[in-house]
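I have a structure here, written as structure tokens, and I will follow up with some questions on it.
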Amino acid sequence: QLDDTWIPMSFTIPSFVATAEPEVVPPPSAEPQPDDPQTRDTPSEAPPVRAVLGELRVSSVTPSSVGLQWSIAEGPFDSFLLQYRNAQGQPQALPIDGGSRSVTVPGLSPSHRYRFHLYGLRGGKRIDHISTDIVTAAAEPEKLLLPSEEPESEDTANEPPPSEAPPPQAVLGELRVSSITPSSVGLQWSVPEGPFDSFLLQYRDAQGQPQALPINGGSRSVTVPGLSPSHRYRFHLYGLRGGKRIDRVSTDVVTVEPEAVPLPSEEPQPDNTQTEPPPSEAPPARAVLGELKVSSVTPSSVGLQWSVSEGPFDSFLLQYRDAQGQPQALPIDGGSRTVTVP
């Protein structure tokens, strides 16, 4: 300020803009820094041990069934699924427990080629699969002992080497009927002497065709499905050891009429049964079923599971109607809690 006079003055202040160094943020196409993957190892953990199926082999072949065995090369599977087409070309599926390494596929046709696919499942997904082609045996009298023929016990007795004593005698007990429905028969037997490697159940179906059902040597019961109502069947149970038939027991069974089994639409009659026990005796502890759940579903089968809320049951009976509206009944052992309806 000079002599009270203001002299205007102007100043230009330069502006400064901070720019980021291009090296600080790598472009999208740049390679990640070596530190980045080390910090991401924890969330992207390696997948579980790989599960790989081994070889699918044939353990037995009859005119109406095929036995299959398989191995696991790596890792466990939750379950398995066997798929094939029947003689009419319809797809079939058989769910199998994850602990199994063998299965017998019944209901096949003689002299027919089948291609079986075994899938290993884990977490509900198909992880691996193996396949094999099999031709069922011909239904010839030389290969399948007909019900009218006698067992060849005398011939087999002469076959052991003379220098070796034969193994302990294996004898079958009585073949008894444990359950009868319009479409199935349950059979039980005992083994008084010696073990058997396996059993073979033979019979003729309603059309007169011979059928054969291989059975594990540790079994003492079997349920034969797919029968016709009010039909007489003659069952022959053979005990096998070393691939030879050692002994045989037989029985005749007539399946019941469809009306003899309560239809699925009929309600049980608890009021009548409760009045039957003698008034002087207290009824046994109440037996109550829990929930019935679906464990698996395929185009041709359903797996079911159930629980028992109170008390034991001697056995179970599963009833339903087939696609033609015919009532079906499947007897189940009292210790079971699952069943697959094929």
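A Cβ is built for glycine as well, from the same backbone N, Cα and C atoms used for every other residue.
Feature table excerpt (TrEMBL):
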type	residues	note
COMPBIAS	159-169	compositional bias 'Pro residues'
DOMAIN	52-142	domain 'Fibronectin type-III'
DOMAIN	167-259	domain 'Fibronectin type-III'
DOMAIN	288-342	domain 'Fibronectin type-III'
REGION	18-46	region 'Disordered'
REGION	140-169	region 'Disordered'
REGION	259-285	region 'Disordered'
Per DSSP, how many helix, strand and coil residues does the domain 'Fibronectin type-III' (288-342) have?
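Its residues divide into 0 helix, 37 strand, 18 coil.
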Restricting attention to the domain 'Fibronectin type-III' (167-259), give the mean pLDDT.
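Here the mean pLDDT over the domain 'Fibronectin type-III' (167-259) amounts to 89.
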Would you list the DSSP helix, strand and coil counts for the residues of the domain 'Fibronectin type-III' (52-142)?
0 helix, 58 strand, 33 coil
Which numbers of helix, strand and coil residues does DSSP report for the domain 'Fibronectin type-III' (167-259)?
2 helix, 50 strand, 41 coil
